[in-house]
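**Student:** Have a look at this one before I ask anything.
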Amino acid sequence: MTIDLVPGSSGLIDAGGDKKITYFSNKYVLGLTVIAGIGGLLFGYDTDPLSTFLSGVISGALLYIRDDFKAVDQSSVLQETIVSMALLGAIIGAATGGWINDTHGRKSATLIADVIFAVGSFVMASAPDPYVLIFGRLLVGIGVGIASVTAPMYIAEAAPSEIRGGLVSTNVLMITGGQFLSYLVNLGFTQVRGTWRWMLGIAAIPAILQFSLMLLLPESPRWLYKNRSSSEAIAMLSKIYDPDRLQDELQQLSAALDEERRNRNSVRYRDVFKIKEIRLAFVAGAGLQAFQQFTGINTVMYYSPTIVQMAGFGSNQLALQLSLIVALMNAAGTIVGIYLIDHVGRRKLALSSLTGVILSLILLAVAFFLESSGHANMGWVAVLGLVLYISAFAPGMGPVPWTVNSEIYSESYRGICGGMSATVNWVSNLIVAQSFLSIADAVGIGMTFLILAGIGVVAVGFVVVFVPETKGLTFEEVEKLWRERAWGCGNNGNVTQSLLEDDEA
């Protein structure tokens, strides 16, 4: 059974002439996007940026967990394990999420993620000891990891190419909304009996809501067309495109899938590195995911209270208020990114974002260097650097990596490559979480920010060299782009040739 949110279409070609596609011109696609994006809400609420120890609902809950479990209060290892276990789970979930998506479909993967997340939330809320709590955190992380792969993919495959970037970026907006929600929940349950159990257990509600709504939604049309029923896929696509545009989409989809079936019977992980065009796409996608973490988003968020204290405001309550303000800035910046990503383009948006990130990190480094040297009034310079960083990162390096990874892989490899790239993101997150405090202790906060600025410069070079512009391109046009990059502009996309040459290599 499927739910028809709005009958009709939103294609470029309409009976009355040309019609421009907008984000609100087809409420069916918008409804799919919002429901799938609830996975991003779970992502932000319970996990991201987990490694900062300041954001996410667990940061507030941990204060009360220490009161109930004396073993946790007396062991920093247990505290770190409770916080970090969700990251480990997310790595596991992302690593397996691609296979689940390819084998069972995007809808089924979402349902599986919701069940795991809800069970994990209930386990945490009822945990009799810290070890059961840790197991619940692992389950929640696995659910988040699967959702982080699935939601962008599902949205991208149902979205018209003209607005695909903005719709996929809506998932990132839900992530930032989840972060903001976690702060509100922390505030709301501070005076309630069983504080931390409510904080962690209430996370099951959006998972249950998404599960219920997803039961009414169809599978991804592209996965349906390839794996199960072309008639079901056509029925869904007819709600997105007008008849003329629908015919074009189906012709491209049919031709692409026929070519894949002729040239390859199975999908193997090793082929991601053996087939040149797939390898180039994966390097671009995974690199963006890594640089999203290594350009310092979690580090800057970690030091935001310190930055406020440098400006002369030292209360803990103000630090929490700052977290709310930063979360709102992050969400507002993501809304700007939703508009820009389909107008400016992925590549230009990433480059401009990284430029702002580099400048802000340099400003933060200078502020901390001068403050440590005894210069007064450096706090406001650091606050300016913080505002500039969030303003630059949120519209660009926040949504661009997830958008690009949802659209640059061929149909057969979209699941496994998306899962592998998401795994790179979570592993990079873990590396930053486990290393940046040690680096800051060894070289100082100012030098740490300067190192991150240097990584930002490397990221600019990476985008220039490895990341093509995919704004407005269909999935088939993106595949052709990678074949031309791999085998030259004169190649018309002979996949057999590329496979043979790579196998011989």
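Quick reminder: no glycine exception, Cβ is built from N, Cα and C everywhere.
Note: TrEMBL annotation is automatic and uncurated.
This is the feature table in TrEMBL:
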type	residues	note
DOMAIN	32-471	domain 'Major facilitator superfamily (MFS) profile'
TRANSMEM	28-45	transmembrane segment
TRANSMEM	82-101	transmembrane segment
TRANSMEM	131-155	transmembrane segment
TRANSMEM	167-186	transmembrane segment
TRANSMEM	198-218	transmembrane segment
TRANSMEM	318-342	transmembrane segment
TRANSMEM	349-370	transmembrane segment
TRANSMEM	382-404	transmembrane segment
TRANSMEM	416-437	transmembrane segment
TRANSMEM	443-467	transmembrane segment
**Student:** Against the transmembrane segment (82-101), which of these stretches has the most C-beta pairs under 8 Å: 28-45, 382-404, 416-437, 443-467?
**Tutor:** 416-437
**Student:** The transmembrane segment (416-437) and the transmembrane segment (198-218): do they have three or more Cβ pairs under 8 Å, with pairs 6 or more apart in sequence?
**Tutor:** no
**Student:** Thinking of Cβ pairs under 8 Å, which stretch from 28-45, 167-186, 382-404, 416-437, 443-467 has the most of them with the transmembrane segment (349-370)?
**Tutor:** 382-404
**Student:** Report, as numbers and ranges, every residue of the chain located at least six residues beyond the transmembrane segment (28-45) whose Cβ falls under 8 Å of a Cβ in that stretch; write 'none' if there are none.
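**Tutor:** Sequence-remote neighbours of the transmembrane segment (28-45) are 3-8, 10, 56-57, 110, 113-114, 117, 143-144, 147-148, 150-151, 154-155, 158-160, 167, 170-182, 185, 203, 206-207, 209-210, 213-214, 217, 239-240.
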**Student:** At a threshold of under 8 Å on Cβ distances, which of 131-155, 382-404, 416-437, 443-467 pairs most often with the transmembrane segment (167-186)?
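**Tutor:** Between the candidates 131-155, 382-404, 416-437, 443-467, the best contact partner of the transmembrane segment (167-186) is 382-404.
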**Student:** Let me spell it out: take the transmembrane segment (382-404), skip the flanking residues so only those 6+ beyond its ends count, and list any with a Cβ under 8 Å from a Cβ in it.
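**Tutor:** Here the qualifying positions are 152, 156, 164-165, 168-169, 171-172, 176, 284-285, 288-289, 291-292, 295-297, 300, 304, 307-308, 310-311, 326, 329-334, 336-338, 340-341, 346, 349-350, 352-357, 359-361, 363-364, 367-368, 371, 425, 467, 470.
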**Student:** Quick one: average pLDDT across the domain 'Major facilitator superfamily (MFS) profile' (32-471), no decimals.
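**Tutor:** Looking only at the domain 'Major facilitator superfamily (MFS) profile' (32-471), pLDDT averages out to 85.
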